[in-house]
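Here's the structure we're looking at; comments come further down.
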Amino acid sequence: MLFRFLQTLARFCRFLLISVLGFRFSPLLLLGYVKLQDENKHNSESALASGTDAKQPEAAENVTSSSIDFAVNSVVKVFTVYSMPSVLQPWRNWPQQESGGSGFVISGKKILTNAHVVADHIFLQVRKHGSPTKYKAQVRAIGHECDLAILEIDNEEFWEDMIPLELGEIPSLDESVAVFGYPTGGDSVSITKGYVSRVEYTRYAHGGTTLLAIQTDAAINPGNSGGPAIIGNKMAGVAFQKDPSADNIGYIIPTPVIKHFLTAVEENGQYGGFCTLDISYQLMENSQLRNHFKMGPEMTGILINEINPLSDAYKRLRKDDIILAIDDVLIGNDAKVTFRNKERINFNHFVSMKKLDETVLLQVLRDGKEHEFHIMVKPVPPLVPGHQYDKLPSYYIFAGFVFVPLTQPYIDSTLICNCAIKYMPEKAGEQLVLADDINAGYTDFKNLKVIKVNGVQVENLKHLTELVETCWTEDLRLDLENEKVVVLNYANAKEATSLILELHRIPSANEYDYQWQS
């Protein structure tokens, strides 16, 4: 748990919010968001998603004027009013801001865009090409891991003359592509052209996950986010991010990821995440390592280092198992499998495309003998959640202490980087202090995890709240990391809590996001 004096926190917080606002609390990621924002916010983000003056490649034969005319009638501009919650003061939101992005119409009277275009939204509007009218929109479903969102508009006038785009296939290398959208620099639709450079497993900046992505040299700038990438008369993907460290490197979400998202929403009514084996592993490129684990000269695979106890793999696989193949496809010593001709891709792509509770067949070498296991896959929450969009953070306030679960946004905001890997997400996370006589002498404690409340091990934030609220002893004792101890007179602390809430204009002593209690 983290203890921080409020006045010091306020000064520190102000600096942090200026420096990380354009990152949407993800400053450690390599790839920047592609989002058109108000002037101040755009300036803070320009280092990540700035444009390039490099000359764009000429159009190839499969990006024709007819395909451009067809696609332009599907593209829309998205206007977003949003307010992000304060990570360090979780009972409040920051002032509203405006941003924008792109989107396009798909079948079923739906609009597809990026999740980061509408994240933390309060109000959404959409304007179609060639129209001055803005239409109110609602988010039907959102997947932050895959950076996709579905919008709906309850106005039949909007849908007149709108042409839905069909999903195509993964483009080939060097195939020409046209990216549509509303990037910075103007108000009308923009079209940039380029070629497919790579198709590989890539880190998605917004959600912090790794999924299949298309790399292109077509210009992708702030505001392009959510716009379609077109090949012929079909959509090859959704523009979503770029590499700020290099020229002409933009990224497109490919149709397999899009189809997985859309199918999950259609079948389950909501997005449920991407499946994973949830293991940590190492490559087997060293011949001495392969010999030690009794791998034959023809064998290739990966070495399991650790397995998440919450996953189905934990019941069947073991540390030091060698995974040789997945669904009868051999895994190389570099953890990659064959993908389209001579292209290779990380084996996790096969797992991520599975539906909830489907199985993968793993061929495993254990103690020199081969085995086969059917492993059920499902989305498994990370130890520390990488994002917390579209909701207030969970917290609990007692006697001026503010308890919150550990999250990556909190780590980013407080510059705590080394503790992320050692806490489980269901544990009570950090704590800061609202100054009061009741907690005098404790305000200098920081970066300390709460271990016990009155001798009982803390399981999660809700459990901590219950332990505090049902205290029957005169003193409340909190045992912290590094053998630190907090003792409060319970009756006095209970009375002080109400006064502190009133003094700091905090509407409630607690807020729960129940995903933390599972």
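A Cβ is built for glycine as well, from the same backbone N, Cα and C atoms used for every other residue.
According to Swiss-Prot, the features are:
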ACT_SITE  HIS116  active site, charge relay system
ACT_SITE  ASP147  active site, charge relay system
ACT_SITE  SER225  active site, charge relay system
DOMAIN    278-358  domain 'PDZ'
REGION    98-262  region 'Serine protease'
TRANSIT   1-23  transit peptide
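Distance from the CA of ASP147 (active site, charge relay system) to the CA of HIS116 (active site, charge relay system) is 6 Å. ASP147 (active site, charge relay system) sits 10 Å from SER225 (active site, charge relay system), taking the Cα positions as reference. In the domain 'PDZ' (278-358), the DSSP tally of helix, strand and coil residues is 15 helix, 24 strand, 42 coil. For the region 'Serine protease' (98-262), the model's pLDDT averages out at 94.
Every protein chain shown contributes to the tally, and the Cβ of SER225 (active site, charge relay system) ends up with 33 other Cβ atoms within 10 Å. According to DSSP, ASP147 (active site, charge relay system) sits in a coil region rather than a helix or strand.
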